[in-house]
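Feature list (source: TrEMBL):
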type	residues	note
DOMAIN	33-166	domain 'BAP29/BAP31 transmembrane'
DOMAIN	218-265	domain 'Bap31/Bap29 cytoplasmic coiled-coil'
REGION	198-217	region 'Disordered'
TRANSMEM	37-60	transmembrane segment
TRANSMEM	72-96	transmembrane segment
TRANSMEM	135-151	transmembrane segment
Amino acid sequence: MLKSEEDEKLEFNCREEEEEEWTCSIKPKGGTMSLQWTAVATFLYVEVFFVLLLCIPFISPKRWSKIFKSRIIQTIALYGNTSFMVAIAILVFLLIDAFREVRKYSVTEKVDLTNNPTAIEHIHMKLFRAQRNEYIAGFALLLCLLLRRLATLLSQQATLMASNEAFKKQAEGASNAAKKYMEDNELLQEKLRDAGVDVPEAGKKGAGPQEENKSLKEEVKTLKEELDTAKKALQKSDSDVRAMKTQAENLTVEYDRLLEEHSKLLVTPYFSLRCNDDMINRSADR
């Protein structure tokens with residue numbers, strides 16, 4: 001019986017069962033994957049490694065964000081976007097090709113090959129390879145998109161954590177400021193009570209809004225009147241001070257004038273007495 005080229009590539013491995021029955025299986029002599037599918041499988045293993053690395057719980061999103069924002073990763077992301085799109089296109093093409101191969105070798109249910117068991121085993125082998133390639137390409141494409149999405153989500157989570165900490169600090173600052181304002185309000189209420197102003201205590205129901213507004217208006221009016229009175233008293237005191245200052249200046253000037261006149265009066269009798277003495281002495285000499 002003549003063998004075809006496809007039959008020459010197959011190797012029969014038969015073993016005897018307990019009931020002296022023979023079962024045959026077919027192994028391809030070249031059992032290794034082709035070069036492109038080896039590369040796709042390696043790419044899939046690398047993707048699985050990076051997915052597991054990104055899912056490690058003890059590496060925080062902040063650290064991943066710092067790694068993603070490093071100069072090396074930014075350079076790779078800048079120049080690797082085109083490569084990423086090319087890889088996506090290649091994986092899509094390989095997935096379509098594997099799907100076509102699966103459809104091509106899914107004919108055992110439609111074609112009666114019971115008379116040729118070798119062809120059945122060969123088709124099953126081809127179908128297995130096509131399905132394997134389909135799964136490899138599909139998972140590689142899925143993990144490629146998943147890696148990009150995981151990196152984006154980790155960066156967004158790091159940003160949200162930073163904003164959450166900022167909002168938390170802002171809320172703590174607002175809470176501290178509110179506590180400080182409440183303490184200042186209590187101190188002000190105590191001072192108003194000491195000054196005799198009726199201030200409702202905290203926790204007690206005070207007067208209605210209209211009554212409070214009315215009382216506040218009356219207090220404001222009273223305070224304005226007191227302020228006007230104080231302004232008038234201040235103006236009057238200022239005018240009195242100016243008048244007293246002017247009077248003091250006038251008194252000082254008058255005192256200086258009287259002092260000068262007094263000095264002149266003291267000098268004039270002295271000269272007159274001196275002249276009289278001189279005249280008496282002269283007359284005595286004669």
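Glycine is treated like the rest: Cβ placed from N, Cα and C.
Because TrEMBL annotations are produced automatically, they should be read as predictions rather than curated entries.
Looking at the domain 'Bap31/Bap29 cytoplasmic coiled-coil' (218-265) alone, the prediction's average pLDDT is 85.
Helix, strand and coil counts from DSSP across the domain 'BAP29/BAP31 transmembrane' (33-166) read 113 helix, 0 strand, 21 coil. Note: the domain 'Bap31/Bap29 cytoplasmic coiled-coil' (218-265) comprises 48 helix, 0 strand, 0 coil (DSSP; helix = H, G, I, strand = E, B).
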